[in-house]
Amino acid sequence: MAYVINICILYFLIISIQINKVQKKYETVFLCGYTMGTTWKVKIINNRHLTYYNLKKKIEKQLCYDNNQISSWNKNSDISNFNKNFTTKPQKINKNLAKLISIGLLVGKKTNNLLDITSGTLINIWGFGPTSRKHSIPSKKTIKLAQMLTGLNHIKLLINKQQYYLQKDIPKLQINLSTLGEGFAADNLKRILDDEGINDYYISIGGTVVTHTSPKNSQNKIIAIQKPTETDNEIHCLISLKNNAVSTSGTYRNYYTLHKKIIHIINPITGNPANTDLVSVTVISKSALKSDAWDTGLILLGFRQAKKISIQEKLAVCLIKKNKSTLFTWTSPQFKKFLIK
């Protein structure tokens, strides 16, 4: 998620290292930095000589490139240029951005259009977009006008001779990809590490984690899912991952209070912040992008529908529902395989 929901990563201690030196054989190395309004962290258990200074530069270059594609906060990003271009003609996009949008459209369709990447205007009027946070609740008229600029049926992803295009039929429609950004970036960092021949690592960007374990290493990565509270870092459950991605979305951290609690996840159907009984959703899959898309879509659906779709789609999901002060947890059969008893 673009809005940070921290996943506690056991033994992920951020230490100072001299990354300009070539590291010794079998050394564990930590790299970290900032991107997309959150932190990124990479832990590598390496069994060959590698210059980590160069690797960190590659990671930072990729993250900068991703930000220049998808960030609504970057006025010159590809998606910002699409939003500013008030035309209904097809606009060229690259293959990576097309893949990101295709996942958004797919999961959007499967979640009854609740995951809606065209909700940029709605997100802005509620103060969670690149514009300044507002200190007043938008009027019903403002919400209605924003909804008129929203809808997955108003965009098309086109392919012509291996060239990708994105088209909107409402000139002022605004795309916001913040719900998918961390997963998108994490998958791209995975590709970099794989290309470098690194086969034992994990990557963390905000609330999304990607793990890879060497065939020679029988130990899986142990990940702790946080209990959904506003302040405490208490562990809710532990999962064991080998070559997987996990993403968590929640309603308990990114919000502001104005007469009532205003959460960052906006329901495009009502035009208001989501009124959901779910406080946390965690999804495990092979793709960080897919996990990142599904966790937000499911939280918008609410417990009953999220459970139904998780079963239908055979998703590895942990749903945490709150009733007053009591938390109720449901895990799908696929998720149970990763749980540490």
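Glycine too: its Cβ is placed from the backbone N, Cα and C atoms.
As written in Swiss-Prot, here are the features:
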SIGNAL    1-17  signal peptide
BINDING   MET36, TRP73, LEU114, LEU115, ASP116, ASN176, GLU182, ILE266  FAD binding site
BINDING   THR179, ASP292, ASP295, THR296  Mg(2+) binding site
Among MET36, LEU114, LEU115, ILE266 [binding-site residues], residue with fewest other Cβ within 10 Å: MET36
Candidates THR179, ASP292, ASP295, THR296 (binding-site residues) - the one closest to TRP73 (FAD binding site) by CA: THR179
Listed binding-site residues MET36, LEU114, LEU115, ASN176, GLU182, filtered to Cα within 10 Å of THR296 (Mg(2+) binding site): LEU114, LEU115
Same chain, 6+ residues apart, C-beta under 8 Å of the C-beta of ASP116 (FAD binding site), given in sequence order: GLY108, THR150, GLY151, LEU152, PRO268
Shortest C-alpha distance to ILE266 (FAD binding site) - which of the binding-site residues THR179, ASP292, ASP295: THR179
Spatial separation of THR179 (Mg(2+) binding site) from LEU115 (FAD binding site) - C-alpha basis, Å: 9
Among GLU182, ASP292, ASP295, the most crowded of the binding-site residues [Cβ within 10 Å]: ASP292
